[in-house]
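*Asks:* A single structure is presented below for examination.
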There are 2 protein chains.
Amino acid sequence: MSNVFVLGHKNPDTDSICSAISYAYLKNQLGMDAEPIRLGDVNNETAFALQKFGFDQPRLVERVSEEVSQVILVDHNERQQSAVDIADVQVIEVVDHHRIANFETTDPLYFRAEPVGCTTTILLKLFKENAVEVPANIAGLMLSAIISDSLLFKSPTCTEQDVQAARELAEMAGVDAAEYGLAMLKAGADLSNKTLEDLMSLDSKEFEAGGHRFEVAQVNAIDVAEVTSRQKEIEVLMNEKIARKGLDLFVFVVTDILNNDSTAIVLGSRSGIIEGAFKSSVVDNRVLLPGVVSRKKQIIPVITEALS
Amino acid sequence: MSNVFVLGHKNPDTDSICSAISYAYLKNQLGMDAEPIRLGDVNNETAFALQKFGFDQPRLVERVSEEVSQVILVDHNERQQSAVDIADVQVIEVVDHHRIANFETTDPLYFRAEPVGCTTTILLKLFKENAVEVPANIAGLMLSAIISDSLLFKSPTCTEQDVQAARELAEMAGVDAAEYGLAMLKAGADLSNKTLEDLMSLDSKEFEAGGHRFEVAQVNAIDVAEVTSRQKEIEVLMNEKIARKGLDLFVFVVTDILNNDSTAIVLGSRSGIIEGAFKSSVVDNRVLLPGVVSRKKQIIPVITEALS
């Protein structure tokens, strides 16, 4: 039984899973007894990366406080994105690259957030600062996270630091970033074995702003029309989720990973803000967002501003 | 006119002032147009350090949004300890060593908090990570901050990293840390030119916990009895402050810097929690706290826990 869990956010993406594994490895090298865990199912893209570099999925743990009293958060800090019982354990460290909100501690802690495109770009610094070598397979996972979060360096969240880190990690891992990356993204955008319920929850995050609760789900696709052709069924599921969770707004974003645009379906009592916020026409609850691929940089701040 | 202000907390202590000057220097070396400012009067201890190393006081600015749109916070993150109009500017960076609370951003930012004894211990890392040399006079300020926050390495907040950083900085600054440090602490503990109003506000910080607002003021003294002999007058001022600010608890801590104990005067509707929280008898609104010198580590968590 480990003393400390290292965990990414709910509905884990490739960064959350790979950062948890990589940072737990680093902490173990530094003498901590840390175990990476996950809060939900691993998606196709992440499964592809784990298999490529020879890792099993981290263990699924729903209530962390039943096993440990201390946790390390990677790739998130907002409590509603974390374990359901996060208030019952001590957060001893955070390594993240998102906005900071809904986070509070009683004691000082190690909190390292940087405005870069991916958590593992920060983790590479931490390996270096602690003079711990990155094994080839861990480097492969860290590279996968950067490719995932940056959509192969094309997202506006991607910084020069991410590109440089990916270059170093690709060399350590012995893979061609562009070739491997496209294969990984395509594995993630293969929606053929997914139900609509899956699409709704695979990579969905809740936020609060101006007293309103909103959620933004995002899926990557190669054929966006394949998804949007089922809009009516999707809306039924969205409305169910809105009612169940008491959301004021639910945005379902389908991102075209080849053309770098997104199409969003918007529902909820506050959905009227979308048209003004994004300066785009909402027709039949649907809006095209040209050039928008980043939830964090191009969607959340815009909605937060509009709701506040 | 600078583009970015670097600021420590209200009622600035030596760490807040010296960190603002030192980090603004580093950011300027890295190409940012940054100016250190202060949110309040400089205390005797800080004035001694500034004079020793040849610095003027940073400029006093009360409303930061009238001059800049972006700020960097050092030595604090809680909004009630920051500029009154902090909500009107963008916080682009935080370097701190306190608990995280009442802090929220719309966008990702650089947030570097570490559980060490002093902000400048983290700043020394940042100078190194950015390969910028620390000039002797800046090293002197950074050393002063560590000595101040750690009461010459005797506070339980002091870590091995602080001791090591102070050693390096003393060498860079060309001073004997023990000798210089005692002189600086004594300058700070010289209360002869201070009114009781001064003592009440020199180093006072507000907090929230469990829906209650509390404030903890701390002064260092060589002769504690000199202060506590005026308890009745002090209580009048404390009650005024409680009424004016709507506090539920006000704790006035006098720390004996030679013997490393504290005596506290406690007032407010929630002052009944003190006896149980510190397992010490409160007699005539006064309590002796043996071995307690650190507000952050030995007082705030205890009160926060008791109020929550």
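Cβ from N, Cα, C; glycine included.
From TrEMBL, here are the annotated features:
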BINDING   B:H9, B:D13, B:D75  Mn(2+) 1 binding site
BINDING   B:D15, B:D75, B:H97, B:D149  Mn(2+) 2 binding site
DOMAIN    B:181-307  domain 'DHHA2'
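Quick one: how deep are these features, and who are their neighbours?
*Replies:* All protein chains considered, the CB of B:H9 (Mn(2+) 1 binding site) has 26 other CB atoms within 10 Å. In the three-state DSSP classification, B:H9 (Mn(2+) 1 binding site) falls within coil.
B:H97 (Mn(2+) 2 binding site) falls within neither a helix nor a strand when secondary structure is assigned with DSSP, and so counts as coil.
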*Asks:* Cβ within 8 Å of the Mn(2+) 2 site's Cβ centroid: which residues qualify beyond B:D15, B:D75, B:H97, B:D149?
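*Replies:* For the Mn(2+) 2 site the neighbour list reads B:D13, B:S16, B:S19, B:D96, B:H98, B:G117, B:C118, B:T119, B:T120, B:A145.
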*Asks:* Sorry to bug you, but what's the C-alpha spacing from B:D15 (Mn(2+) 2 binding site) to B:D75 (Mn(2+) 1 binding site), rounded to the closest Å?
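*Replies:* Spelling it out, the Cα of B:D75 (Mn(2+) 1 binding site) and the Cα of B:D15 (Mn(2+) 2 binding site) are 7 Å apart.
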*Asks:* Could you tell me which of the binding-site residues B:H9, B:D13, B:D15, B:D75, B:H97, B:D149 sit with their CB under 8 A from some CB of chain A, listed in sequence order (or 'none')?
*Replies:* B:H97
*Asks:* To the nearest whole angstrom, state the Cα distance for the pair B:D13 (Mn(2+) 1 binding site) and B:D149 (Mn(2+) 2 binding site).
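*Replies:* Rounded to the nearest whole number, the Cα-Cα distance is 9 Å.
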*Asks:* To which of the binding-site residues B:D13, B:D15, B:D75, B:D149 does the lowest count of other Cβ atoms within 10 Å belong?
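*Replies:* So among B:D13, B:D15, B:D75, B:D149, the binding-site residues given, the one with the fewest Cβ atoms within 10 Å is B:D13.
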*Asks:* Name, in the order they occur in the sequence, the residues of the same chain whose CB lies under 8 A from the CB of B:H97 (Mn(2+) 2 binding site) and which sit 6 or more residues away.
*Replies:* B:D75, B:A113, B:E114, B:P115, B:V116, B:G117, B:C118, B:T119, B:T121, B:I122
